[in-house]
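Here Swiss-Prot flags 18-38, 69-89, 116-138, 154-174, 187-207, 214-234, 266-286, 314-334, 375-395, 396-416 as transmembrane segment, drawing on sequence analysis.
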Amino acid sequence: MLKAIARIVRTPDLLRKIAFTLGLIAVYRMGDFVPATGVDYPAVQQCLAAGNAQGGLYSFVNMFSGGALLQVSVFALGIMPYITASIIVQLLRVVIPRFEQLHQERRRGQATLTQYTRYLTLALALLQATTMASLARTGALLGCSLPLLRDGSILTVLLVVIALTTGCLIVMWFGERITENGVGNGMSLLIFTSIAAGFPAGLGQVVQTQGWRVFAIVMGIGLLTMLAIVFVEESQRRIPVQYAKRQIGSRTVGGSSTYIPVKVNMANVIPVIFASSVLMLPGILIQFNTPQDGSAPAPWITWLSRYFGSGDHPVYMALYFLLIIGFTYFYVSITFNPVEISDNMKRYGGFIPASAPAGPTERYLQYVISRITFVVGALYLGIVAMIPLIAFAVIGTSQNFPLGGTSILIMVGVGLQTVKQVSAQMEQRHYEGLLR
């Protein structure tokens, strides 16, 4: 560890990239505490003190914004609009042939898809900012009767929408700059920072409300979950590939053997985001349709509140688990293209020895991916995502469970990816030094 740090210090270029990354992350965190224009900050503090901002609508989004959502700051939307836009653009490759064509055009096509993602991020940010401003106008955003805006005029609402949308675009710009000029994937690092920022407050809340015994249990569960996630994320199925010998001029090429590494969790955390987004819709309906004057809500609102108002009901848990499994299978099926992989192998004289009994190469690849995804990957994601929900029901902690499976899954994945990129850059500079 100390040797690695010493090598980084002796590499000025890499050190500048790390300093640039940490600087933008620090600015991002400071922006989480800057109130948006037109927001009545004392009213926000009173509503937060009342403790009504709990539940599925808040916990997941607030986790990705590093607490900025409940502060109604300029970065309240966080990185979620960009994540949603990226997922939508990726899924549109299956529906729109033009998007698939752009994806295959490599650098030029990727630049066009990135531009589409930015436009969609702007549209989603405007939509979410308008929703937040409407809820803040009545106080329903934080579950209290106090309006969170200085006044309910259209101008004030418009200023809040502009401030929140601009904040989202600034966060997107931070992420792109980190990816281009810093270390690691910028968007992933911002998510990592937002999740990590909520850990101290979450753990402190567990100690205050549940005691040190429950705190020790939570830490133990978090450590075991982290070890399990590292093991699964680094696991892979290696499909052997053999290349036949070919005669090109006077040279004989090929004849080598390699493998296709297939990760156990190919979908990463995207199915969890899908499932959480779907199950946040009932919470949004509850917030919009719950009377603020204390009168009884409609029967269907009562029914939604009973089953989907929090994450500790068995119906919510079962539906959440099934959605994750379904989305995992769906996402892997549209992102992993066995036909394309098979064509690329045939173009260079490659084949899979084990595919002969199972038929064509693409059918064998589809068979292997289906087994890995459904038997291991989907169940693994479902179990990991269920950890905080089970904790809500068993130990009675709040919705802001600090060491939930989703948060640890994201942090471990981003951490491993960043460490690998730093190591790769260090090795690259080491070999460049030898060549000189």
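Even glycines carry a Cβ here, placed using N, Cα and C.
Taking Cβ pairs closer than 8 Å, the transmembrane segment (266-286) reaches residues 55-57, 60-61, 83-84, 87, 131, 301, 304-305, 307-309, 316, 319-320, 323-325, 327-328, 331-332, 335-336, 369, 372-373, 377-378, 381, 385, 406, 409-410, 413 in its own chain, all 6 or more past its ends. Outside the transmembrane segment (116-138), and at least 6 residues removed from its termini, the chain residues within Cβ reach (under 8 Å) are 39, 72, 76-77, 80-82, 84-86, 88-89, 147-149, 152, 157, 160-162, 164-165, 168-169, 172, 284, 287-288, 292.
Of the ranges 18-38, 214-234, 314-334, the one with the most Cβ pairs under 8 Å to the transmembrane segment (154-174) is 18-38. Sequence-distant contacts of the transmembrane segment (314-334), counting only residues of its own chain at least 6 positions beyond either end whose CB sits under 8 Å from a CB of the stretch, comprise 56, 91, 93-94, 266-267, 270-272, 274-276, 278-279, 307-308, 369, 373-374, 377-379, 381-382, 385-386, 389-390.
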